[in-house]
């Protein structure tokens, strides 16, 4: 894992005679081919990516986790509302960062540019090992659970069946994403519309219930009746469970370079999508408690299916199908965006360089998509979905906070750089206070879960110094990596994107500064600066 520009050029240097050959293999060897990621994501598709990634499985799974930890219906609803508001605050911070640093890769790119290569690599490392494979595995398992649950009305579906169907879902959507960016965005648009219709049905049924007088658990004296002893650590875990349901609000930042007019469409999509999702989530949870008691909700393995069975009668089959389609679209959106994160990391030299390549005709990052799919399939061996959600929530909030803190650092160190959007510093401060609350009490309540997440993240430190920072690797190792890259290129028919078309061109100064943070007490000379011509 060497620096991106050197990886892109070494093949062409070794095979200069292939420059005039136009075959896919020759294009792969030359590292060019004139292909680039296309700007095909407009405002509607951008909103579809945000909404589609947020509304995956969380609203259909996490209500159980939120209620269980909150201890009462009223407090659970407050958790949903506050989490939505904090998500909107975080999205405002990311909107400013997204137009200030207009690069794909999202918070990875922001952390790397502000705090340096090691910090950025740790964000990428934990994303590769835990966050995004876990997120996709949870959504895929939820998809299979909602598909199979009607076939097993008196018991839970078998674990082997759940995992097999989840794997089939992942493989199918990986093929779609590898085939065409347009296909992937169309699938996302269609399934986002479908999941909004499913949630609209839930909300409408809830309104009908309220009109009938079925709002026992919404009355204040009943809503705040605790069914367990209040515990501030468990309340923090309730916020983590809720944050999983809002997870994906920052995914559009991963595909900034494929956005049409990102300076306008990135903030517009955020401003439209986050309030919409918050509204839908709060009223969907209100609808749930009009038909189910807290005990019934906690006993259900598929909350939306139980809700449909109680209110739809013979038409109850609509709900599991709607939820399955919703989570299917969630897997598609997560594959689409997380593969761009790995693509961006490889382009910076933080992952194997083959992951920074795209297909010569389809212009899709096939190696990054295959890598994403494989890592998610490996994650499917983990059985406890709610433990996975806790891992994702804690580690995500850790890096969300670091990224938002970077916004303050960037304001201080680079006050004069262009900022098409400039929000009040009160917003990042509010977000960081909430972030600190979650982390402190999560560590107190679940030290083992949080400690495992931190330990996995710290394993990236030696990997960074051996794989990225160490430039003088043995020649046999470099030759092996280059041979493996060439074989992968020919198998996938992929090349490096043409520089300049996506706004990612690098200068010598960019390369020299690659591992240097904007915020550093004293300048440190990059080892590669001596190798620059």
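Every residue, even glycine, has its Cβ placed from backbone N, Cα and C.
As annotated by Swiss-Prot, L-leucine binding site applies to 54, 247, with the evidence given as similarity to another entry. Marked as L-tryptophan binding site by Swiss-Prot: 135, 396. Annotation source Swiss-Prot lists compositional bias 'Acidic residues' at 502-512. The feature phosphoserine is assigned by Swiss-Prot to 20, 23, 29, 30, 529. Taken from Swiss-Prot, the feature region 'Disordered' applies to 1-33, 500-533. Among the features that Swiss-Prot reports, site 'Important for substrate specificity' is placed at 135, 247, with the record citing similarity to another entry. Here Swiss-Prot flags 1-45, 97-117, 254-266, 340-365, 410-424, 468-533 as topological domain 'Cytoplasmic'. The topological domain 'Extracellular' annotation in Swiss-Prot covers 67-74, 151-158, 212-231, 289-313, 384-387. Annotated transmembrane segment per Swiss-Prot: 46-66, 75-96, 118-150, 159-179, 183-211, 232-253, 267-288, 314-339, 366-383, 388-409, 425-447, 448-467, in sequence order.
Annotation: 135 carries the greatest number of neighbouring Cβ atoms among the binding-site residues 135, 396 [cut-off 10 Å, Cβ to Cβ]. Take the CB of residue 54 (L-leucine binding site) and look out to 10 A: across all protein chains shown you find 28 other CB atoms. Highest Cβ contact count with the transmembrane segment (232-253) among the listed stretches 118-150, 267-288, 366-383, 425-447, 448-467 falls to 425-447 (criterion: pairs under 8 Å). As a quick check, the transmembrane segment (366-383) and the transmembrane segment (75-96) miss the bar of 3 or more Cβ pairs under 8 A, pairs 6 or more apart, so the two do not touch. On the backbone, the CA of residue 396 (L-tryptophan binding site) and the CA of residue 247 (L-leucine binding site) stand 9 Å apart.
With respect to their backbone Cα atoms, residue 247 (L-leucine binding site) and residue 135 (L-tryptophan binding site) stand 9 Å from each other. A contact between the transmembrane segment (183-211) and the transmembrane segment (425-447) is absent, since fewer than 3 of their C-beta pairs, 6 or more residues apart, lie under 8 Å. Each residue of the topological domain 'Cytoplasmic' (254-266) gets a DSSP state, and the totals for helix, strand and coil are 10 helix, 1 strand, 2 coil. Distance from the CA of residue 54 (L-leucine binding site) to the CA of residue 135 (L-tryptophan binding site) is 11 Å.
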